[in-house]
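Sequence annotations record features per position, and here TrEMBL assigns domain 'Nop' to 292-410. What TrEMBL records for 418-457 is coiled coil. Residues or ranges marked as region 'Disordered' in TrEMBL: 458-585. Annotation comment: TrEMBL describes 572-585 as compositional bias 'Basic residues'.
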Amino acid sequence: MVLLHVLFEHAVGYALLALKEVEEISLLLPQVEECVLNLGKFHNVVRLVAFCPFSSSQVALENANAVSEGVVHEDLRLLLETYLPSKKKKVLLGVGDPKIGAAIQEELGYNCQTGGVIAEILRGVRLHFHNLVKGLTDLSACKAQLGLGHSYSRAKVKFNVNRVDNMIIQSISLLDQLDKDINTFSMRVREWYGYHFPELVKIVNDNATYCRLAQFIGNRRELNEEKLEKLEEITMDGAKAKAILDASRSSMGMDISAIDLINIESFSSRVVSLSEYRQSLHTYLRSKMSQVAPSLSALIGEAVGARLIAHAGSLTNLAKYPASTVQILGAEKALFRALKTRGNTPKYGLIFHSTFIGRAAAKNKGRISRYLANKCSIASRIDCFSEVPTSVFGEKLREQVEERLSFYETGEIPRKNLDVMKEAVVQAEEAAAEITRKLEKQEKKRLKKEKKRLAALALASSENSSTPEECEEVHEKSKKKKKLKPQETLQENGMEDPPVSLPKTKKKKAPKEELASDLEEMATSSAPKRKKSSPKEEVASEPEEAASPTTPKKKRKFSEEPEVAANFTKSSTKKKKKSQKAQED
């Protein structure tokens, strides 16, 4: 009897299920197919043994990555060792992924099976999983699957920006499109300007140069000896410039109007700008290929290597291809046509554009293309999976192809692959160490600049925050100084501060003033005498002020107030006596 267990990986955790014992696993297939859609019947065949939920989304992502890479995670190991029987020979574990099954069988020793009845059981478990696990609803299971799917996709999309090959694919596609467009536009300029100057087509063959000349010459009748130097700069050939000048004098072309000439020059300038952009794009492609695939570009060239990567879809896909596939990559139509008609299969595809196949003899083209495809496959794998990609291996592989090419021509025996690769490994280690040293220096410089920038920002912010406080402190100090100045002057003159009883005199003075106002209302006849007394008081106070000029104003006020109060009380008593006498009369 065989005891079959099934491992099911879900977004919420691992589930281990057991099936009823049967003599042969194949006998379960018709029963499972019948009961997959019916939950009651499915419970009779399958039962849940253990469920290990994930503690967090991060743990779920780690387990999902481990399963996809064929690695046994610690959570999965603990589940299987805890709940599977100790007698491993009698246990058969069904898994959905063959890679994780091979890893479990290698590390834990359990026999694993995939496909057949296992796939049907997993289909039923996936359908009824929320009913098999207590406390799990269909909605929560769907949310967990969605969240894990998003995090898993984000983790897979992360890549090194400097080694992305998508830019190479787009660049080489745009480069091919620009070549076609520039060729079409240049032919249009040749036809259009050929009506006016037909001899120029035979003298100049390059499309970009022809467009520059059409833009510069314009009306051929205006071309003279003064423009010969500029013609030599454009054509980079003195004989061609002289031939263009002679042909313009005896040309059979028709005359052209100014408006037509303006349109031709405008279109020519557009074609010239496109050709210049094409050159800058080629430079950009070379720099990207030196970063992403230096060995492949050193072996076969930047353009052909980029076309191979673009046709394969990515550098990783190209690295997974065997050498036979790389050899005919780009000649799929010819291959399937040959297979269909039972004719000769193609010997080369995109690698035909390399210089090696063109230099080989006709009888050796197939042999050198097969050898070159082998070296291209090795170079792409080195570029894809090396941490610090260098062009050392590509240069050594190129030397091997050169030696093989000379062997086909002269019979000179090339070096062994083992010796070449030993030299390449030593040189690659040195180059990688140099590259890492440069990167570390650049990182240190960047960190120093960042520290300086942060220190400058902190200093500026501290200055900005301290300036208002300093202003307030200065303002408060100035106020204190202003208050202390009169007190210091009084102490210097030998005078003390005024007594605190001054405000009390003011309070005593207030009822006397009220009484004086009442007396003024009662005795109106004494008002002119009061007016006469006031100038006398002022005259009396003036000599006192002149006698003490050194006293400050504040002290003078304080010393004058008691004298004024005394004078006022004397005048008020005189007024009372006069009013009493008037009443008696």
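Numbering starts at 1 and runs along the chain as displayed.
Cβ atoms here come from the backbone N, Cα and C positions, even for glycine.
TrEMBL entries are annotated by machine, without manual review.
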Check your understanding: Can you name the far-off residues of the same chain, 6+ from the ends of the coiled coil (418-457), with a Cβ under 8 Å from a Cβ of it?
Key -> 387-388, 390, 392-393, 396, 399-400
Exercise for review: Over the span of the domain 'Nop' (292-410), count residues by DSSP class, listing helix, strand and coil in order.
Suggested key: 92 helix, 0 strand, 27 coil
**Study point:** Mean per-residue pLDDT computed across the domain 'Nop' (292-410)
**Key:** 91
